[in-house]
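Trainee: Can you read through this structure? Questions will come right after.
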Amino acid sequence: MAQSQSWARRCFKAFCKGFFVAVPVAVTFLDRVACVARVEGSSMQPSLNPGGSQSSDVVLLNHWKVRNFEVQRGDIVSLVSPKNPEQKIIKRVIALEGDIVRTIGHKNRLVKVPRGHMWVEGDHHGHSFDSNSFGPVSLGLLHAHATHILWPPERWQRLESVLPPERCPLQTGEK
């Protein structure tokens, strides 16, 4: 009887040690390095959710890649919605600070992206709530860079940072 209590106590201690090490490591990893997210809606079709409401892609979000707020034109990023801070949205970076972009339905036909901001759009222009609705987005709202589609298995692929040719900035802020 004493041996079984001793064995149970050792198992419990081992579990607790593992638990109290694994949980902080997992939380730190998910907060600072990477996590997964389900993409809802049609705003990023055909890149994400090409099947519409019948399926939802699950993507890998890399936090580490945007830790210094460094993004490139064409990157698909997750960001805090400028209109609803409780919500995260996934969009494509179209323009960076200093770029001049031709808008689609924005109050100004041309917009120069201010310092510390980016212009983001969904790939499905008629069905996207993006910078054409709310203007340039602060880099401070950047959450992660979407790097891979993980689900469904038949769509597993790396997400390329490709800027649609018709959405290239008219003038870039690069020197």
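If you go along the chain as it appears here, the first residue is 1 and each next one adds 1.
For all residues, glycine too, the Cβ spot is worked out from N, Cα and C.
From Swiss-Prot, for reference:
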type: TRANSMEM; residues: 19-37; note: transmembrane segment
type: ACT_SITE; residues: Ser43; note: active site
type: ACT_SITE; residues: Lys91; note: active site
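Looking at the shown structure, can you explain where the listed features end up?
Mentor: Taking all protein chains in view, 23 other C-beta atoms sit within 10 angstroms of the C-beta of Ser43 (active site).
Using a 10 Å Cβ-Cβ cutoff, Lys91 (active site) registers 25 neighbours. The secondary structure of Lys91 (active site), as reduced to three states from DSSP, is extended strand.
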Trainee: Do you know offhand how many angstrom separate Ser43 (active site) and Lys91 (active site) by C-alpha?
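Mentor: The separation of the Cα atoms works out to 8 Å.
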